[in-house]
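A.B. asks: Reproduced below are the annotations present in TrEMBL:
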COMPBIAS  425-436  compositional bias 'Basic and acidic residues'
REGION    394-436  region 'Disordered'
TRANSMEM  12-34  transmembrane segment
TRANSMEM  46-68  transmembrane segment
TRANSMEM  88-115  transmembrane segment
TRANSMEM  165-183  transmembrane segment
TRANSMEM  241-263  transmembrane segment
TRANSMEM  289-309  transmembrane segment
TRANSMEM  330-352  transmembrane segment
TRANSMEM  358-379  transmembrane segment
Amino acid sequence: MKVGESTQLRRVIGYFHGTIFLFSIIIGAGIFITPKGVLKYSSLNVGVSLSIWAACAVVSMLAALSHAELGTTFPRSGAQYYFLKRSLGPFVAFSYLWINLFSTPAGIAARSLMLEGYITQPFYPGCFVPEMPKKCLALAILWCLGILNARGVKEVTWFQTVSTAVKMTVLGFVSVTGIVLLVRGRRENLARFEKAFDADVPDASQIAEAFLQGLFAYSGWGVLVRIAGELKSPSENIPKCVVTALTLVALIYLLVNVSYLAVLTPKEIMSSDAVAVTWMDRVIPSLQWAISLGVSSAIVSSLNCTVFSTSRLWCMASQEGQLPLILSTLNIHSCPVAAVIQMLIFASILIIPSDLILLINYVGFTDWIQLGLMMMGLLKLRFQEPNLSRPYKPVPCKQRSLHNKKPTHCNERADPIRQNQKNLARSEEDPHSQKR
């Protein structure tokens, strides 16, 4: 930054990098892990499993567009926290904050342990990997990401773009190769899709379990709301990024699953601990390292995105007085470096003694609590402040102003950011204005 400029969060993330952020956090290790779970709870029914993947994409799209209202109505970093404080009160916002203080480092620790497992396993073929090298590598990767975040938004977006390109290349290779093998393959491979619904149909409880597995692979779509204060034109870019990213992710997920089923039978997928590795071993055994590279880049980019977005949430809470003031301190690269350091310290403490399965169970439980609070607050604010400018609610057409000769046409929309900033400033100056 130039000498004399104020140190603050700046709106420097546009449509392209916003979409990259969504790609980074959604396409993690889920697509390499959950196909087995979806197929298992679909009773090995190929047609049902592919239908569940498509249905999970639709559900995730609707949930993401609904959740995007938070970032477009309150275009500031840490919008979830501010929204809960305004809709459900400071106590609920404080509870959400303290849940996040422990659940996010636990999720970071879990993904770090998963990452180092993929990296170290090739060096111990056929052997059990010792715990000490795994955890030391996880800590090293974690603190390297902290240093990267401290360098500012430009470096983070560059890293996200490169890592996303790597994992998209691997997934693209899996998709195209599977389609080619399907077209030129044997008759029994085609029969799996011609008679896709001929297997046993799962019951309602199994379908629900399959949905949970599939939704896990689509999780992370709320990241743009946390960094809304650094997005250019958030009222336009957040919905556009969500639609673009989730549409492409759904297409990739379906193609990858078709590719798995074009090479492996449902029973072979169920007997495999790593479906992508088994697939590559069947197609091109000498390129197994490519799968490890794809999984590793997916987890690293997801980790980096989580560290970046959560530090903004904690910075916002610090400015509101519910966390120590030091966490809102920005360095010369406009990064809340104190919040990043605290997050990495908590995650490092959890990495050393923790078990991966316990961490995943804890994170999954707390994520559902946080999502429930968001939906409750969203519904309450719809009734509590119905006139608040929202992206999915048309603004009433105004007549010609007496002080403005230029007419306001019915197809024009008011700027939600400017309008909401005026509303927020008015409510902060007069806390009883909503009652009038």
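Glycine is no exception: its Cβ is also placed from the backbone N, Cα and C atoms.
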A.B. asks: Using a Cβ cut-off of under 8 Å, list the residues of the same chain at least 6 residues beyond the transmembrane segment (12-34) that approach it.
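C.D. replies: Apart from its flanks, the transmembrane segment (12-34) reaches 111, 114, 153-154, 157, 160-161, 163-164, 167-168, 171, 213-214, 216-221, 223-224, 227, 230-232, 237-238, 240-242, 244-246, 248-249, 252-253, 256, 274-276, 291, 294-295, 298-299, 301-302, 304-306, 309.
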A.B. asks: Would you kindly list the residues that approach the transmembrane segment (289-309) from elsewhere in its chain, counting only those six or more residues past its ends and only Cβ-Cβ distances under 8 Å?
C.D. replies: 21, 24-25, 27-29, 31-32, 104, 107-108, 111-112, 114-115, 118-119, 121-122, 141-142, 145-146, 148-149, 156, 159-160, 163-164, 166-167, 169-171, 173, 220, 223, 226-227, 274, 276-277, 279-280, 340, 343-344
A.B. asks: Report, as numbers and ranges, which residues of the same chain sit near the transmembrane segment (330-352): CB under 8 Å and 6 or more residues beyond its ends.
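C.D. replies: Result: 1, 7-10, 101-102, 104-106, 108-109, 112-113, 135, 138-139, 142-143, 146, 149-153, 307, 310-312, 314-315, 318, 359.
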A.B. asks: Quickly jot the same-chain residues contacting the transmembrane segment (46-68) by Cβ under 8 Å, restricted to those at least six beyond its ends, or write none.
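C.D. replies: Counting only partners 6 or more residues beyond its ends, the transmembrane segment (46-68) has Cβ contacts under 8 Å with 35, 38-39, 192-193, 196-197, 199, 201-202, 207, 210-211, 214-215, 217-218, 221-222, 224-225, 238-239, 242-243, 246-247, 249-250, 253-254, 257-258, 261, 266, 374, 378, 391-392.
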